[in-house]
Amino acid sequence: MVRIGSSLLLATLAATTVSAASDPPKCSQDSHCPEEWPCCSLYGQCGTGAYCLGGCDPLMSFSLDSCTPEPICQGKTYKDWSNLDNLASNTKYLGDASKSDWVYSGYPKVEDGNLLLTMPKNSVGTLIANNHYIWYGKITAKIKSSRGAGVVTGFILLSDTKDEIDYEFVGADLTNVQTNYYFQGVLDYNHGGNASVSGGNTFGDWHEYTIDWKPDAITWSVDGEVKRTLKKESTYNETSKQYMYPQTPSRMQLSLWPAGQASNAPGTIAWAGGEIDWDSEDIKDPGYYYATFGEITVECYDPPSGADIKGTKAYIFKDKAGLESSVQITNNKTVLASFGATGLDMDVGASSSASGSANKTSSSANTVPSGNGGSGNEPGNSHSGSSGSGTSTSDGSGSSTGFSQGSETSASSNKNAAPSQNERVLNGSFFAVLVAVVALVTL
């Protein structure tokens, strides 16, 4: 769910006004971003531009309006994967969801009318996020997972305040898919569970996976068969006096990443089935690990009862509670003029961006967050929950747990990114990355 880079190997445009420092400022609940770099990314780093788009955490940013408003839900079916025209690189995307439904980092491909997420040798994989947020709805995808120890495929919903609903496929176990959920990133390893898949081959066979997210319940289904149901009422926490239930607008994300990378936490590697084999059958031919996505559908539900509706275009947070009641639907614009712009001033750099000037308005370390396709809630993490409420209640569905996928990973335009893993842990009530060394190469 979240990653905060401990160091970044920068490969930026020749910028005249960008700081030479290799590390962006860090952010947490107790240390918000400075006004100069007001947006807190999923990785707990501060910046402008893409830092302020999808994944920007308003609770750790300079102010709630540092992050851009997020495009409202759009019901749609995606089934023509004959090209990648509907995907924008995260080093190019500035928030116009009307031009690109998806933003990506890594190595997406198309083959036989399907979308492939690929992971070449020693790379950090691929992550694709839908640019239209969902505030309750149903998502369904036809998937053939990746395979192999240490290789993980994700199909999830993730909000900017780190509510999360997951499907995770561990390549060492092709007979099951893992389900999980989180509220504001609070770690509770009792929230996970395994769902068996008929035929016992998530890699070789197509299966249809559905998340049906309603204000009062979440249902996970495989091939139309309900595998798990979570009732909101079962998530009430007596300590915090609140429901630890995913309830804020979320992005659909698809990912493939190396959970079994040698640099990861031992518990993470064990959960992933062992260290990844970079000389495996798939690495030899076709030359990469891969997960295959076919038709993907999004059905948007009506806003919850009592929702604060002031428009029809975008979601914003109006208070720092990060709850369903904190969300407002507005007509605010969602598009930045440049990578130097933020939610505080979305028109910064309009003229220089148009002229192609290489300065803070170009993509760089402090304007495009970097990470990889996996993050968060990893086994072996000893850190505790975020809201000071202790461990949230469990629905008793099992104790299995896995990673959740984040967003905003940087795309490499040549070769492979450095093999590192950004893992989410909690720092007070927010996240800090354990490992993040990614070579950022802008397109």
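Just so you know, glycine gets a Cβ as well, placed from its N, Cα and C.
Positions annotated as domain 'GH16' by Swiss-Prot: 21-306.
As annotated by Swiss-Prot, disulfide bond applies to Cys56-Cys67, with the evidence given as similarity to another entry. A simple way to gauge crowding: the CB of Cys56 (disulfide bond) has 27 other CB atoms within 10 angstroms, across all the protein chains here.
The active site, nucleophile annotation in Swiss-Prot covers Glu164.
Per Swiss-Prot, the feature active site, proton donor maps to Glu168; the stated evidence is similarity to another entry. Reduced to three states, the DSSP call for Glu168 (active site, proton donor) is strand. Cβ neighbour count for Glu168 (active site, proton donor): 27 (other Cβ atoms within 10 Å of its Cβ, all protein chains included).
For Glu168, Trp257, Thr268, the entry in Swiss-Prot reads chitin binding site. Residue density at Trp257 (chitin binding site): 34 other Cβ atoms are found within 10 A of its Cβ, drawing on all protein chains shown.
Per Swiss-Prot, the feature compositional bias 'Low complexity' maps to 350-367 (among others).
As annotated by Swiss-Prot, compositional bias 'Low complexity' applies to 378-410 (among others).
The GPI-like-anchor amidated asparagine annotation in Swiss-Prot covers Asn416, and the record cites sequence analysis as its basis.
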Rounded Cα separation (Å) that holds between Glu164 (active site, nucleophile) and Trp257 (chitin binding site): 18
Under 8 Å by Cβ from Cys67 (disulfide bond), counting only residues of that chain that are 6 or more apart: Cys39, Cys52, Leu53, Cys56, Asp57, Pro58, Ser61, Asp160, Phe317, Gly343
Packing count at Glu164 (active site, nucleophile) (other Cβ atoms within 10 Å of its Cβ): 26
Assigned element (helix, strand, coil) containing Trp257 (chitin binding site), judged by DSSP: strand
Count of other CB atoms lying within 10 Å of the CB belonging to Thr268 (chitin binding site): 25
Farthest-apart CA atoms of Glu168, Trp257, Thr268, residues recorded for chitin, distance in Å: 13
Local backbone state of Thr268 (chitin binding site), from DSSP in three classes: helix
